[in-house]
Amino acid sequence: MAQPRYTRIDNRRPSSNYCSTVTVVVFVALCLVGIWMMTSSSVGPAQNVDEVSLDNKDGIKKQMTPPAEEGNGQKFEDAPVETPNEDKKGDGDASLPKEDESSSKQDNQEEKKEEKTKEEFTPSSETKSETEGGEDQKDDSKSENGGGGDLDEKKDLKDNSDEENPDTNEKQTKPETEDNELGEDGENQKQFESDNGEKKSIDDDKKSSDDDKENKTGNEDTETKTEKENTETNVDVQVEQEGQSKNETSGDLSPPGAQLELLNETTAQNGSFSTQATESKNEKEAQKGSGDKLDYKWALCNTTAGPDYIPCLDNVQAIRSLPSTKHYEHRERHCPDSPPTCLVPLPDGYKRPIEWPKSREKIWYTNVPHTKLAEYKGHQNWVKVTGEYLTFPGGGTQFKHGALHYIDFIQESVPAIAWGKRSRVVLDVGCGVASFGGFLFDRDVITMSLAPKDEHEAQVQFALERGIPAISAVMGTTRLPFPGRVFDIVHCARCRVPWHIEGGKLLLELNRVLRPGGFFVWSATPVYQKKTEDVEIWKAMSELIKKMCWELVSINKDTINGVGVATYRKPTSNECYKNRSEPVPPICADSDDPNASWKVPLQACMHTAPEDKTQRGSQWPEQWPARLEKAPFWLSSSQTGVYGKAAPEDFSADYEHWKRVVTKSYLNGLGINWASVRNVMDMRAVYGGFAAALRDLKVWVMNVVPIDSPDTLAIIYERGLFGIYHDWCESFSTYPRSYDLLHADHLFSKLKQRCNLTAVIAEVDRVLRPEGKLIVRDDAETIQQVEGMVKAMKWEVRMTYSKEKEGLLSVQKSIWRPSEVETLTYAIG
């Protein structure tokens, strides 16, 4: 009888069958462990990520590390900002989230997430779920229908993985040197985040793609196929040249045309600046030694003005040392020797601003918590405190019962004004809360409103919060920062400016900026009241205006508002000037350039009207809107434009370029909810093409022409837009949190040659509203430098892209404020 064999007892060698069984069991166990590890590495950390939402942006390091250290485990510290869906903003009735988590918790989470980064999936543009990094196709299909908690966790995980991966950040800032397939080149990374906070990324490193293939399980073939299609469709310029056209991106991603446009416009931008190639080359050489520093620490400004601090208008030390304030010198700009590099605090309880047009009627009190103006001007219907709102029931002293009636009354008095046709660009001096300019939008007219920062507390700040263009400025000792002969109409409604004194120096400044044939609309008390002081002012003004050859067109009284309006017209020829009995005011010297206005003292003289029919000002511009698209008649083909072409051709090419960029890229490709954008600034406008391309949106654009750039501001006005001269080495004359979007096209690389770039970015932060957008187009080195600075402020990088030493950066400002404080002694009073 055969005996059973017991290996342990008999101490005999096990059979080969038993050995095979054990091997299979061990192998299966290892496979299961491996699958479990892969699954946990992709999903597990998402539970921790929830702790690092918008509510805890304080929990992020303040110091940026230089690129050389990134490969050694150091990383850019950036909060995964999950902004509320902008489509649901409405009146902005929800406060912006608070920040209250510690930095130690954030650091621990970042260390864990960094270990898992390499196993992250490369997103596809074919389905939204794959783009968000899901691993299970069944779960992905749920995500397409709205998703749930798992979707948010995976999305937050991807946000952090992209930002924490040192290799990814290095690639993000490297320019591509060859125009090859993106998957082969491995030098570019494009990041995108839609307005609901969902970030997508396109990693063009082929090695990463190969690693992903090895690690993926159930959806390997699908991911690989869609990744390849995404790369070929959305990135490589050669695809467009070969005639391929695919529409595989999801609703949140920009369509293929927009992504291709991001490349095309960058290439076009390089070519368009060929006339400045030498200057750019010298600048880039000078930048090499300064572009590597990425240690940025921010502090909070401690000033008397607090959340309303304007550096060049709140220089208490300089104002106290003024020898005189007779000419409103204390209301003029007095910039500190070293511009501040600290950040302005937010007012307590700051909320997302109410959207236009509701903002014209009411704003949040907590955003502009000032009541003195309501108390001082409440009886004149300027502004009232209504619960948690500040409301604007009438508009101004001269139109208590509404601005629109007043606006229509002016045109009824002088039909030639023709709002929105002949008259398009208006200057409103002493604007108050700018209701006049705010309601002129209804007549297709844009208004540059100005008022000083004076005892009428925060009047310009009210205007900007309402979504109405305005600047802090005063008629003092220097010229206004505008070219000569650009405004169609100048308006003054009880603006309290002593026009008639000192030879009419202030009124002569209006004469400088007013077009020949333009109107001066004056509705101050001397026009219709008979008090002794008013009668004397009216007499002096009448004599001065007659000597200036202005024609009194109309004097009418509005019975509803109870005010009178006098309208004058500037002459279009020099005949009257030549026939005056005495040359007072005198004619300006031929050497006096009427367009020179940056810190130029006022002169009590008049500039003659242009007699040459080819000169600007000799003819009235085309009626609006034809003037927007047509090159001004005085641009000659013999003139060389900014970009090297004949001036009219340069103008047209610039307009076509920006229409293409805005339509194909900015409107759809950057994840911006334009319904929430109202106040826009082009920090380096050339011909105003960017602003012109935004014409159909409910926005207005402040076109800034830097003082060291070609003087093209008159062209901007000629096409029915407006703007201002400015030196970006100084602060802008506006209140903090004034703009929803800033656009900087090849500005910062030029500025850092003569300015402190850190101070410039601090000014950008001051001017931009929380959740506001910054779009930067510049060389790749400058893009990297700016990105490092804004990341140190915990801003959210929506997209960054670089190719052939040119880059594009789109970021969103956060509500983060530093805990460290810097006291500005010159601003303490």
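Even glycines carry a Cβ here, placed using N, Cα and C.
Annotation source Swiss-Prot lists topological domain 'Cytoplasmic' at 1-17, citing sequence analysis. Residues or ranges marked as transmembrane segment by Swiss-Prot on the basis of sequence analysis: 18-38. What Swiss-Prot lists as topological domain 'Lumenal' is 39-829, and the listing cites sequence analysis. Taken from Swiss-Prot, the feature region 'Disordered' covers 55-258, 271-291. If you look up Swiss-Prot, you'll see 85-143, 151-160, 168-177, 187-231, 280-291 marked as compositional bias 'Basic and acidic residues'. The N-linked glycosylation site annotation in Swiss-Prot covers N215, N247, N264, N270, N302, N579, N595, N756. The annotation compositional bias 'Polar residues' is assigned in Swiss-Prot to 241-252.
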Using only C-alpha positions, which one of N302, N579, N595 is spatially nearest N756 (N-linked glycosylation site)? These are the glycosylation sites in the record.
N302
What whole-number Å value do you get for the CA-CA distance of N579 (N-linked glycosylation site) and N302 (N-linked glycosylation site)?
59
Taking the Cα atoms as reference points, how far is N302 (N-linked glycosylation site) from N595 (N-linked glycosylation site) in Å?
38
Which of N302, N579, N595, N756, the listed glycosylation sites, has fewest other Cβ atoms within 10 Å:
N579
Check the DSSP secondary structure of N302 (N-linked glycosylation site), expressed as helix, strand or coil.
strand
